[in-house]
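Q: I have a structure I would like to understand better, so I am pasting it below and will then ask my questions one at a time.
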Amino acid sequence: MKSYDVVIIGGGPGGYNAAIRAGQLGLTVACVEGRSTLGGTCLNVGCMPSKALLHASELYEAASGDEFAHLGIEVKPTLNLAQMMKQKDESVTGLTKGIEYLFRKNKVDWIKGWGRLDGVGKVVVKAEDGSETALQAKDIVIATGSEPTPLPGVTIDNQRIIDSTGALSLPQVPKHLVVIGAGVIGLELGSVWRRLGSQVTVIEYLDRICPGTDTETAKTLQKALAKQGMVFKLGSKVTQATASADGVSLVLEPAAGGTAESLQADYVLVAIGRRPYTKGLNLESVGLETDKRGMLAQRTPPTSVPGVWVIGDVTSGPMLAHKAEDEAVACIERIAGKPHEVNYNLIPGVIYTRPELATVGKTEEQLKAEGRAYKVGKFPFTANSRAKINHETEGFAKVIADAETDEVLGVHLVGPSVSEMIGEFCVAMEFSASAEDIALTCHPHPTRSEALRQAAMNVDGMAMQI
């Protein structure tokens, strides 16, 4: 039985980053992963391939519509979907090979197979051929990620009724794509196929899109997506979906009750969220339990069992790759005897549509519920010079600060390239910056980031460019 300082079950963003940091700190480490490639859902069938398609589809729509023509670029593009998928796959392959290189560089053993616990300090790995290998470790990190949440009454066959993985590799552009769920996954993948020519209808049980985000930014995003042609049926639920060789027949009902309606689609994407993947881990062998969703109840990263840690989507908090990465670093450094904590109040979230939505910290709704006094500064991209000359003026920046101390409590952005701007406020808020600190900090001109400074100025009504 081979022995390690740390054995990590799962090779996604949490698992592979934990393995790399363990190697950097001089720990002997093995990462158990049953996929043929490292990177987990995010790299293989999630974050990265979806961004590749979002980028390509955005350029295609710009070239085939009025956007390029308005700039004096007159072209008539032809969609080569097979090539678009090929470049997406090539990008993903390059990234997975990069992780393999980092494993070799940091002396991480990749044990190929599916891991399960076998009591404290032991992991059994089952390879594809059925053979099993036992590993021993001082510390075990569970980083098995998540899987798409199924919808009762709707059977995902990945032929006509698909999950997010299926939506990344459709063989043709659907005439009509129905998306069940108006969260990150549904809106991003719905945007891809709408840009490529699909009619897209989004069905959401709640009366709003982007649950959990700032209401005002979500409404602005919905308005922008609707203007682009995306159809929303909010406050609705799918009670039946029947697939055939050439499409899907759906039955919808109002969430609050009422008259049902029928809907036809070429494909249906079920994107109602994700749930922790803890099947087959044999958690009971170490005395760990999960809740109804399969989530490990213990707060991350240490569990109630000495020597067993849990990070990423299998535990509480947002199911985001960067949250898993932060937990990975904190977990391994604590194993190595170094103090390290994750600031769960400052985990940013992004929706990579056009316009983009980005958020960090508290929303107005949360602060009202807490009874905390606050002030708000907003600045529209219509008043930002770079946004105007680039003809991307939808959206705004919103900064929320404490009414007395002026400390920034939350930042909510909807607009062009805001995914690349939210990090500024993550840093600022980590150091308890005030809105005035941001307002007094020079920003380059002309950039979209100036909208952030102007919003911070406007917390006290002092924006200069509106």
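Along the chain as shown, residues are numbered 1 onward.
Cβ atoms here come from the backbone N, Cα and C positions, even for glycine.
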Q: Report the candidate from Glu204, Glu253, Glu261, Glu289 that shares the NAD(+) site with Gly181, Ala182, Gly183, Val184, Ile185, Val238, Ala271, Ile272, Gly273, Arg274, as recorded in Swiss-Prot.
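A: As annotated by Swiss-Prot, Gly181, Ala182, Gly183, Val184, Ile185, Val238, Ala271, Ile272, Gly273, Arg274 share the NAD(+) site with Glu204, chosen from Glu204, Glu253, Glu261, Glu289.
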Q: What does Swiss-Prot give as the disulfide partner of Cys47, choosing from Cys31, Cys42?
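A: Between Cys47 and the options Cys31, Cys42, Swiss-Prot records the bond with Cys42.
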Q: Measure from the Cα of Val238 (NAD(+) binding site) to the Cα of every one of the binding-site residues Arg35, Thr37, Gly39, Asp313, then give the nearest.
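A: Nearest in space to Val238 (NAD(+) binding site), counting only the binding-site residues, is Asp313.
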Q: Rounded to a whole number, how many Å is the Cα of Arg274 (NAD(+) binding site) away from the Cα of Thr37 (FAD binding site)?
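A: With distance taken Cα to Cα, Thr37 (FAD binding site) is 21 Å from Arg274 (NAD(+) binding site).
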Q: What span in Å does the FAD site cover, taken as the longest CA to CA distance among Glu33, Gly34, Arg35, Ser36, Thr37, Leu38, Gly39, Gly40, Thr41, Cys42, Lys51, Gly115, Asp313, Ala321?
A: 30
Q: Counting only residues 6+ away in sequence within the same chain, which have a CB under 8 Å from the CB of Thr41 (FAD binding site)?
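A: Set apart from Thr41 (FAD binding site) by at least 6 residues yet with Cβ under 8 Å, we have Gly12, Gly145, Ser146, Glu147.
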Q: What is the separation, in Å, between the Cα atoms of Lys51 (FAD binding site) and Ile185 (NAD(+) binding site)?
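A: So the alpha carbons of Lys51 (FAD binding site) and Ile185 (NAD(+) binding site) sit roughly 11 Å from each other.
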Q: If you skip the near sequence neighbours and keep only those at least six away, which residues in the chain come within under 8 angstroms of Ile272 (NAD(+) binding site), Cβ to Cβ?
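A: Counting only residues 6 or more apart in sequence, the Cβ neighbours of Ile272 (NAD(+) binding site) under 8 Å are Thr149, Leu151, Ile180, Gly181, Gly183, Tyr205.
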Q: Given a separation of at least six residues and a C-beta threshold under 8 Å, show me what packs close to Thr37 (FAD binding site) in the same chain.
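A: Counting only residues 6 or more apart in sequence, the Cβ neighbours of Thr37 (FAD binding site) under 8 Å are Leu43, Asn44, Thr93, Thr96.
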Q: Around the C-beta of Glu33 (FAD binding site), how many further C-beta atoms are within 10 angstroms, looking at every protein chain?
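A: The answer is 27 other Cβ atoms.
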